[in-house]
Amino acid sequence: MEARVERAVQKRQVLFLCVFLGMSWAGAEPLRYFVAEETERGTFLTNLAKDLGLGVGELRARGTRIVSDQNMQILLLSSLTGDLLLNEKLDREELCGPREPCVLPFQLLLEKPFQIFRAELWVRDINDHAPVFLDREISLKILESTTPGAAFLLESAQDSDVGTNSLSNYTISPNAYFHINVHDSGEGNIYPELVLNQVLDREEIPEFSLTLTALDGGSPPRSGTALVRILVLDVNDNAPDFVRSLYKVQVPENSPVGSMVVSVSARDLDTGSNGEIAYAFSYATERILKTFQINPTSGNLHLKAQLDYEAIQTYTLTIQAKDGGGLSGKCTVVVDVTDINDNRPELLLSSLTSPIAENSPETVVAVFRIRDRDSGNNGKTVCSIQDDLPFILKPSVENFYTLVSEKPLDRERNTEYNITITVTDLGTPRLKTEHNITVLVSDVNDNAPAFTQTSYTLFVRENNSPALPIGSVSATDRDSGTNAQVIYSLLPSQDPHLPLSSLVSINADNGHLFALRSLDYEALQAFEFRVGATDRSSPALSSEALVHVLVLDANDNSPFVLYPLQNSSAPCTEPLPRAAEPGYLVTKVVAVDGDSGQNAWLSYQLLKATEPGLFGVWAHNGEVRTARLLSERDAAKQRLVVLVKDNGEPPRSATATLHVLLVDGFSQPYLRLPEAAPDQANLLTVYLVVALASVSSLFLLSVLLFVAVRLCRRSRAAPVGRCSVPEGPFPRHLVDLSGTGTLSQSYQYEVCLTGGSGTNEFKFLKPIIPNLLPQSTGREVEENRPFQNNLGF
């Protein structure tokens with residue numbers, strides 16, 4: 001069956017144009033749509049997008065919903081096309097009962113922005129029910145003395161349909177004695193009366209069996225039948241007569257079942273069985289029969305079921321009084337049901353938005369409707385929420401309310417809100433309903449990660465393992481989810497000379513710091529860098545902290561003997577006159593340690609000697625002195641092994657081997673200073689030498705002769721007391737900055753001896769080229785200063 005969709009348009013005259021322009025959809029006539037009952041599910045009713053003047057996309061984007069009072073899902077809105085479809089078959093009799101027209105109101109709710117349109121679905125009746133008599137057989141007793149034209153009330157049929165499909169006519173099977181008159185009760189119900197056409201003769205026909213047919217107005221019409229049995233009696237010339245033809249009574253809806261509503265009374269002037277009256281309902285509907293019952297003897301009307309003002313406000317009953325002779329009379333009882341405050345307000349939630357963003361003020365959290373089935377003040381309601389919440393209630397049309405956030409929320413303070421909506425009516429006593437809503441607050445990236453400290457100090461012992469962390473930093477973010485996930489990183493170094501990327505790394509997930517290589521205290525004692533903490537949001541927020549790394553010294557350098565050199569192919573021999581007194585300074589062992597602190601404190605001791613007890617070594621300065629007078633028995637060649645040990649844990653050591661030659665007497669040898677290695681990097685010096693050589697060949701010849709003479713002297717003096725200073729590997733901080741691998745001139749020495757003196761000492765001369773020191777780094781100068789001070793430079 002096709003659904004016929006109509007939209008009622010009414011023309012109105014208005015006095016002022018401004019009044020017309022100020023009218024809103026909420027106050028306009030509702031949209032009306034019509035559909036026949038029993039229409040198949042999925043039937044197209046209308047296109048709401050066209051009716052509302054909206055595009056299909058706009059209709060979907062605005063979150064259109066269908067809300068009905070009955071909360072029934074009888075309509076379906078297609079979000080793709082905007083079509084309004086029937087969601088289920090409708091039974092008009094079940095939905096509306098006898099009410100006509102059958103109108104189902106509903107609302108079209110648009111959320112973004114909030115807007116409400118009223119609409120109505122009119123369900124058209126179809127002829128799907130035939131008239132039905134409650135009693136298949138109707139019995140009548142008629143006195144034979146009854147005059148023609150007398151009317152006898154018959155039981156009416158019931159038809160659940162309404163309008164033209166409802167009960168419209170009665171007929172009776174053809175006969176000469178009776179016909180049917182149809183009467184309207186004034187409330188849309190018709191009932192039949194059997195009218196006598198001619199005088200009865202009990203002796204001729206004592207009983208009649210006629211068929212009463214009830215017809216409805218449908219097309220084609222439906223019908224129902226009942227058998228009417230008429231028993232012709234002797235004369236009973238008085239029918240029962242009610243004291244009042246109309247009874248009106250008001251009954252509270254909370255009256256208990258079984259309570260008396262009203263008592264009706266009729267009189268009959270006859271005697272005997274003809275005067276005995278029985279009360280009963282006449283053409284009563286099924287609803288009346290379920291709600292009321294009447295005492296057939298006393299005429300007392302009682303409640304059979306609980307009344308409900310919200311369902312039916314008025315009942316109209318027809319009561320018949322019939323005597324024993326078959327005569328009857330009737331009266332009408334009108335029962336008005338009065339309302340009491342027996343219904344709590346109802347909260348119908350249309351939509352709920354949860355979670356909501358914490359930085360979104362004036363956000364519609366929920367849309368709901370308040371309904372109270374009572375009337376008057378009993379149906380008026382007041383709606384409220386707690387005072388200490390950042391939300392407000394805004395009333396709208398048709399008892400709709402919106403719950404709106406009043407100001408920006410702070411998820412870090414409250415992650416959720418438990419809102420209790422209290423609805424109270426104005427009846428006596430007041431009834432209230434509470435509805436709890438939990439609103440979750442979603443996180444917004446409004447907090448940057450924060451380090452637990454503004455600066456960190458890490459202590460790392462040198463020669464550390466790169467696989468082990470040297471420390472960690474930690475930052476927390478008060479946000480949640482990805483907004484709280486922290487990524488750690490190294491920030492660019494502010495020191496351009498610090499190779500930070502090759503020195504340390506950081507674990508981006510947990511902030512653990514790693515040294516990419518083993519640290520060397522002698523090369524780098526401390527450094528600092530900045531680390532950053534960034535969350536994973538977009539845009540991301542970040543913070544930074546300063547990390548100080550202090551390298552702790554380890555005893556990883558053994559003492560290094562500067563003098564005498566131990567890697568020379570020609571051993572160093574020190575001359576010692578046999579006439580030397582005890583305490584005579586033979587030589588001095590000079591050593592340095594690349595470590596610092598107590599790891600660099602050196603002590604000296606004599607480990608081995610050719611003549612034990614002949615020599616002694618001072619523990620703190622390394623001076624080798626005679627311990628007694630020399631004798632002729634002492635060997636001419638003495639070999640001493642001096643142990644140099646630092647104060648580390650565990651201690652490291654080195655040995656120096658000395659050769660001492662005992663002589664009877666000698667003059668002061670002249671030892672030529674070793675030639676300093678040329679600085680190949682100094683091109684200016686080369687250019688100057690070339691220029692001087694080209695200008696004066698005579699000067700060059702003089703220099704060559706001078707060198708030849710010096711070499712001759714050196715060859716003659718070598719066997720006696722000469723100490724060679726050969727080239728060899730040195731600690732890095734002792735090697736010349738030119739990179740030639742030779743000992744820096746600042747550590748070259750000349751031995752000066754005077755014959756015949758028993759207190760001769762070594763004199764360590766100042767460097768020949770003092771301007772080399774400023775070329776070294778500040779750290780190297782600082783490391784060398786203790787050694788220079790010990791030597792008295």
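Heads up, residue numbers simply count up from 1 along the chain you see.
Each Cβ is built from the backbone N, Cα and C atoms, and glycine gets one as well.
Summarising the annotation, Swiss-Prot assigns domain 'Cadherin 1' to 35-133 and lists sequence analysis as the type of evidence. According to Swiss-Prot, the feature domain 'Cadherin 2' maps to 138-242. According to Swiss-Prot, the feature domain 'Cadherin 3' maps to 247-347, an assignment based on sequence analysis. According to Swiss-Prot, the feature domain 'Cadherin 4' maps to 352-451. Annotation source Swiss-Prot lists domain 'Cadherin 5' at 456-561. For 568-671, the entry in Swiss-Prot reads domain 'Cadherin 6', with the evidence type sequence analysis. Annotated N-linked glycosylation site per Swiss-Prot: Asn169, Asn418, Asn436, Asn567, in sequence order. What Swiss-Prot lists as topological domain 'Cytoplasmic' is 710-793, and the listing cites sequence analysis. According to Swiss-Prot, the feature transmembrane segment maps to 689-709, an assignment based on sequence analysis.
Taking the features listed in Swiss-Prot, we show where each one sits on the structure.
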{"residue": "Asn169", "record": "N-linked glycosylation site", "CB count, 10 Å": "16"}
{"residue": "Asn418", "record": "N-linked glycosylation site", "CB count, 10 Å": "11"}
{"residue": "Asn436", "record": "N-linked glycosylation site", "CB count, 10 Å": "8"}
{"residue": "Asn567", "record": "N-linked glycosylation site", "CB count, 10 Å": "10"}
Per-region confidence, the domain 'Cadherin 4' (352-451) (mean pLDDT, whole number): 88
Given the glycosylation sites Asn169, Asn418, Asn436, find the one whose Cα is closest in space to the Cα of Asn567 (N-linked glycosylation site). Asn418
Measure from the CA atom of Asn418 (N-linked glycosylation site) to the CA atom of Asn436 (N-linked glycosylation site) and give the result in Å, rounded to a whole number. 7
Between the C-alpha atoms of Asn418 (N-linked glycosylation site) and Asn169 (N-linked glycosylation site), the distance in angstrom, to the nearest integer, is 63
Counting Cβ pairs under 8 Å that sit 6 or more residues apart, are there three or more between the domain 'Cadherin 1' (35-133) and the domain 'Cadherin 6' (568-671)? no
Counting by DSSP, what is the helix, strand and coil composition of the domain 'Cadherin 3' (247-347)? 10 helix, 47 strand, 44 coil
